[in-house]
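Since the structure comes first, as structure tokens, the remarks are kept for the end.
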Amino acid sequence: MSPTTTTILISSLATGTIITASSHHWLMAWVGLEMNTLAIIPMISKQHHPRATEAATKYFLTQAAASATILFSSTTNAWQTGTWDIMNMTNPTANMLLTMAIAMKLGLAPMHFWLPEVLQGSTIEIALIITTWQKLAPMALIFMTSNTLPTTALLTMAMISTLLGGWAGLNQTQTRKIMAYSSIAHLGWMAAITTIMPNILTLNLVLYLTMTTSMFYMLILLNSKNIKDMATSSTTSPTTTALAMLTLLSLGGLPPLTGFMPKWLIIEELITQNFTITATILALSALLSLFFYLRLSYSSTITLAPNTTTTKHKWRFKPTINTTLLTTTLPMSLLMLPITPMIC
């Protein structure tokens, strides 16, 4: 792909998100979502590989269906209320349709089936964009409509997402699929707090983006596509491997790392609002996620004997990336827990 084409696609990607996040009219929000979808499709399929083409097709069909549902829900609300204002979603049917559509956009269970397959068919760099930047526009819509979305539906999807993200991630060996189920579980935590306290939703989203970006950059630096690659990386990049282990534990929510902070605040708020059963299920499902994070981090810190390393001359093929973003996000993903009392 030529630099001009890449520049146009990335610019369109950024413009679509900005249009959606800054609009007050549902048609403009829909236009921004469609720009996002159309810009990412060529980036997914640029490998000219059958798996990449399949991933691009699945992503397009899912996102197009979700965008059409958003347009249908906004039209239904406009028919009843006479306004296209995003902040004025008062029709219950339209709100439920909107919740399902945004859940499909994000990859929340039970509309999550496309996310692991699309990430597995994409490169690690495109998987990073899908799990971080592509979540911003739907999250902006959730934040703007959080006062009117159905709490019961969101809490139900939150419990399903966290449980499924933990259970399905246990049996995975591919790092991109592990990160996909990690994304599903984290989105479940965000859905649980959406209608109760949107400020914690914003904090959780920022920390999720920070930790996920750090982890994907680690995978790019280590050139790790599966657990076997993580196991052999400790002999070539011991420092990076150790930092990757800490980032994984932070994603799992292990104190005293940063990832524990949003889970702590969400459970505290859910118990305060008398959603004790939901808080208990979320806390137990976090143990499932933490288990496969621990397994992956344990695999990455094992130093194997040289004759068992199947990848020949792995150090020659290390990708060169700009580490500026990594040096910015890595400290935030590991060391922000002490500021929690200031946030509370």
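Cβ coordinates are placed from backbone N, Cα and C, and glycine is handled just like the others.
Please treat TrEMBL annotations as automatic predictions, because they have not gone through curation.
Positions annotated as domain 'NADH:quinone oxidoreductase/Mrp antiporter transmembrane' by TrEMBL: 23-287.
The feature domain 'NADH dehydrogenase subunit 2 C-terminal' is assigned by TrEMBL to 290-343.
Sequence-distant contacts of the transmembrane segment (56-74), counting only residues of its own chain at least 6 positions beyond either end whose CB sits under 8 Å from a CB of the stretch, comprise 26-27, 29-30, 33-34, 36-37, 40-42, 44-45, 84, 89, 93-95, 97-98, 100-102, 104-105, 114, 117-118, 121, 130, 141. As annotated by TrEMBL, transmembrane segment applies to 56-74 (among others).
Long-range contacts of the transmembrane segment (94-114) within the same chain, counting only residues at least 6 positions beyond its ends with a Cβ under 8 Å from a Cβ of the stretch, are 33, 58-59, 62-63, 65-67, 69-70, 72-74, 76-77, 80, 135, 137-139, 141-142, 145, 148-150, 153-154, 157, 160-161, 164-165, 180, 183-184, 187-188, 191. Residues or ranges marked as transmembrane segment by TrEMBL: 94-114 (among others).
Feature annotation from TrEMBL assigns transmembrane segment to 152-171 (among others).
Positions annotated as transmembrane segment by TrEMBL: 178-197 (among others).
Per TrEMBL, the feature transmembrane segment maps to 203-222 (among others). If you look at the transmembrane segment (203-222), the same-chain residues 6 or more away from its ends with a CB under 8 A from one of its CBs are 124-125, 127-128, 131-132, 135, 139, 175, 179, 182-183, 186, 189-190, 193, 229-230, 233, 236-237, 240-241, 243-244, 247-248, 250-251, 258-259, 261-262, 265-266, 318-319, 321, 323, 325-326, 329-330, 332-333, 336, 343.
What TrEMBL lists as transmembrane segment is 243-262 (among others). Within the chain carrying the transmembrane segment (243-262), a Cβ under 8 angstroms from the stretch's Cβ atoms is held by residues 182, 186, 189, 200, 203-204, 207-208, 210-212, 214-215, 218-219, 222, 230, 233, 286, 289-290, 293-294, 296-297, 300-301, 330, 332-338, 340, 343, all 6 or more beyond its ends.
Residues or ranges marked as transmembrane segment in TrEMBL: 274-294 (among others). Here the transmembrane segment (274-294) has Cβ contacts under 8 Å with residues 155, 158-159, 162-163, 165-167, 169-170, 172, 178, 182, 185, 188-189, 192, 196, 248-249, 251-254, 263, 266-267 of the same chain, all six or more residues outside its ends.
Looking at the domain 'NADH dehydrogenase subunit 2 C-terminal' (290-343) alone, the prediction's average pLDDT is 64.
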